[in-house]
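Heads up, the thing below is written out as structure tokens.
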């Protein structure tokens with residue numbers, strides 16, 4: 001080959017490698033080459049990327065979904081590699097093809113990349129390149145392209161001229177009335193987003209009729225997405241139009257024959273309440289919410305129950321107490337005894353939050369009996385949710401009213417057969433310690449905290465050691481020396497080596513909060529004595545513990561007491577013990 005051709009050959013080499021790898025039978029090789037596209041584009045330069053690489057990619061979109069997904073993702077970040085926003089339109093052809101493929105994940109990624117690329121178009125480029133693409137997709141023969149088009153209207157609408165806006169609204173209307181449920185579903189999903197960028201007069205004249213049409217669709221999957229859009233549409237309308245344009249749809253969907261649609265209404269209820277304003281919330285939404293709380297389907301009741309606190313908090317202050325006491329409380333009383341545990345659990349996670357809203361008198365008279373009932377519930381999640389929200393009640397009536405029922409509930413949860421339930425109650429112990437007071441905690445709950453240290457599940461033992469640290473932070477080092485350290489030190493003499501290890505884990509965290517005096521005087525001697533333990537795992541944990549304790553010890557004891565023990569462990573026959581001893585020596589010296 002002539003020497004003069006060598007430069008050309010070298011510049012062609014990257015694209016040649018890409019072409020070879022893209023045509024390779026091995027999917028992984030093709031995938032790797034797609035992931036290296038940005039490197040290849042840099043090697044080619046912006047001009048050849050536009051004239052050779054992008055057309056090549058557009059022509060080769062017939063691959064495994066995994067490769068197409070990677071390609072769709074890469075192209076979204078290609079703006080600078082084709083020469084900046086001025087040439088953003090060069091990326092549209094391959095992305096348009098990707099937006100029509102059968103696999104939903106690939107289409108969604110292509111749409112996301114198209115949305116990113118649209119932001120770099122000038123208004124003129126949008127009208128010249130991007131809007132025609134949206135129109136082609138919207139008028140495509142396959143439902144896949146029409147479904148993809150739904151996600152592109154909102155990104156170009158605000159920056160195009162009035163006649164083009166009218167065309168876009170017309171295309172969106174056609175998609176809302178498409179014969180294919182998948183396209184109507186995509187239109188319903190993007191309706192709220194599109195409505196936010198459309199002028200209010202066109203929201204009323206064009207989009208509301210589409211919204212009403214979709215909300216009455218024969219497919220419940222379309223209706224539930226229209227129900228989800230309710231709040232977004234309502235937020236855009238002036239209050240005087242709300243009753244006429246949105247509320248009939250809300251009422252109809254809240255009483256829909258499909259429980260999934262009613263569930264969606266319940267799930268989005270607080271957003272809807274904030275969108276329609278206090279007046280309609282009082283006159284209409286309170287009754288709808290009441291109906292959702294006594295729905296025949298447990299999933300709907302659970303979704304509504306989880307919104308009780310937020311709905312009540314957002315009510316108009318002048319009528320808040322009246323609506324809660326007359327309309328919401330009777331339903332809550334029924335839900336406390338609901339046959340479905342998910343409903344009871346959802347309610348238990350928010351019911352305590354009603355206390356600050358209804359005040360001391362109503363809490364004691366009406367809510368307290370419900371709290372007590374839930375503290376005795378057979379389902380551990382219900383009891384746990386009540387205990388984890390105690391601070392709400394503590395602020396209003398104090399915790400003493402609940403103490404008699406609280407203790408048995410805590411003990412039962414602490415001994416629950418499911419270790420995750422035990423773990424959750426441990427995590428709430430520092431909070432309970434602050435609310436119950438030191439005297440009550442010492443008498444009733446310190447023993448419980450110590451028993452978790454010898455639980456058969458490691459995660460519980462680990463959480464129990466952290467719990468001790470938080471309790472000491474709350475009650476002080478003196479309390480620890482009297483109430484905790486003697487019980488912890490007893491574990492160092494246990495037969496079970498796991499208990500001796502847990503003792504060392506406790507020392508690791510207690511030394512951080514007990515202060516130099518207690519750590520040096522009380523904790524250190526026992527740790528040093530365990531260096532002769534017959535289990536290697538215990539010995540190397542002694543080395544690790546000494547390294548962690550060192551910053552909290554009196555410097556005067558490091559050389560005469562700690563170093564000799566570590567030197568001894570450094571010549572231990574066990575290789576792990578030697579390793580951790582040498583690490584500790586280096587750590588303390590450093």
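Along the chain as shown, the residues are counted starting at 1.
Cβ atoms are placed via backbone N, Cα and C, with glycine included.
What TrEMBL lists as domain 'Stalled ribosome sensor GCN1-like HEAT repeats region' is 98-249. If you look up TrEMBL, you'll see 14-52, 91-129, 168-206, 207-245, 246-284, 328-366, 367-405, 406-444, 523-561, 562-590 marked as repeat 'HEAT'.
Note on the repeat 'HEAT' (168-206): mean pLDDT across this stretch is 87. Helix, strand and coil content of the repeat 'HEAT' (328-366), in residues and according to DSSP, is 33 helix, 0 strand, 6 coil. Taken residue by residue, the repeat 'HEAT' (367-405) breaks down under DSSP into 32 helix, 0 strand, 7 coil. Beyond its flanks by at least six residues, the repeat 'HEAT' (367-405) meets 332-333, 336-337, 341, 344-345, 347-356, 358-360, 412-413, 416, 418, 421, 424-425, 428, 431-432, 435-436, 440 of its own chain at Cβ-Cβ distances under 8 Å. When the repeat 'HEAT' (246-284) is classified with DSSP, helix, strand and coil residues number 32 helix, 0 strand, 7 coil. Under 8 Å from some Cβ of the repeat 'HEAT' (523-561) lie the Cβ atoms of residues 485, 489, 492, 497, 500-501, 503-505, 507-508, 510-512, 514-517, 568-569, 572, 574, 576-577, 579-581, 583-584, 587-588, all in the same chain and six or more residues away from its ends.
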